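Accompanying notes for the structure given below.
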Amino acid sequence: MMTKFPITTFVARSVFVITVFTVLMSVSDSKKWPRSSASSYGHWTRLRRSAPHRNARVVSEGDIRLVGGHTAYQGNVEIYHFGQWGSICDDEWDKREADIVCRLLGYPEAERPTTDSLYGRSRHYFSEKSCNLLLIHQGDKKNEMNSYFGGQQTQTILSGVKCTGNENNLASCRHDYIGVVDCPERDRSIAGVICAKAMPDLIPDDKEIEQSAYLELKQLMHLQCAMEENCVASSAYRLRREHQRRRLLRFTARIGNIGTADFLPFLPKRAWDWHACHQHYHSMEVFAHFDVIDMGGNKVAEGHKASFCLEDNFCRSGTQKKYACANYGDQGITVGCTDNYLHNIDCQWVDITDIKPGNYYFKVSINPEFKVPEITFENNAVTCNLHYDIVSAKVWNCTLGRP
């Protein structure tokens, strides 16, 4: 007589059989295609070329990532090549390469490049047979870890990459010959970046410069403070005649911040220089260059502006002023505000005493040494036509450009 089982018992046994079969297939599959596992390197997962990495984003040849940093926008740079991630040697590594990396990662620009394995030593290596883009070298596993932000005793990838700054990816940059090369300090010389999440963007008012420029004659005896700041031509220091007249091309500079972050001095407040003659602090050694250039492109007169005071003089509606120089206050330019340097301020000029009458170009460059990162530097300079005839000066046709 056939024994009848309840339907619930049959279903339970079926589920048990299916579950066992699934587990066995999973074990078999894991032996055939081992999953990539989190290594001792930290929070990220190493990808193995021979093992498909499941549940991960698709990684393409030439992809870039940052590792070892405290935030997502900083770290050592790694590039994906022939199924493996690898570090980049910091020889030839500067702002141009760093900018390309940050733009690829979706940031506007690099705040600064980093070198000397700032965020740890190299984590990955390529086999010499598979590399046709980067130059590689297997580091000494026995080397002791000494990187500032830690790292592991792992092998190093070295490459010589040099960019012009206009490339769309690092693979388009120049690189050294294919082969094994030694990087200075081996895996202690790994390139990295700190990308800027938000950045200022200074822009001078070209119309204000054009409308406010004029020629002034002033005796040297009234320019003693300006001489201490090197705001007059070199001939004034050689002659030292108090009643000598200097011809000064004066103008007003209105500098606005149209970026996404406040413009702050490069130096920390404790490093600012006190100028006793003018009774103010210089928060930047050079904030602006003023140049007179002849028709052949030669600089014939120049001036400079140490930051007399970076502050908010005028702000658009709804924007509060943050920075003021009085009483050793914080200096900077808030987003949506302007810092105005009026034509009657000391050093707000170019000393053109020694140039001959004629036609020239007049150029005003803001943040000319690029010490403070900005979204773009393509609008940091104003270039104008200048006509000088001993008794007067005319400035016209001013346009924005790069310092």
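Even glycines carry a Cβ here, placed using N, Cα and C.
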If you have TrEMBL open, could you say which of Cys163, Cys183 makes the disulfide with Cys173?
Cys163
Which of the listed disulfide-bonded residues (Cys163, Cys173) has the least company, meaning the fewest other Cβ atoms within 10 Å of its Cβ?
Cys173
Let me know the model's mean pLDDT on the domain 'SRCR' (64-196).
68
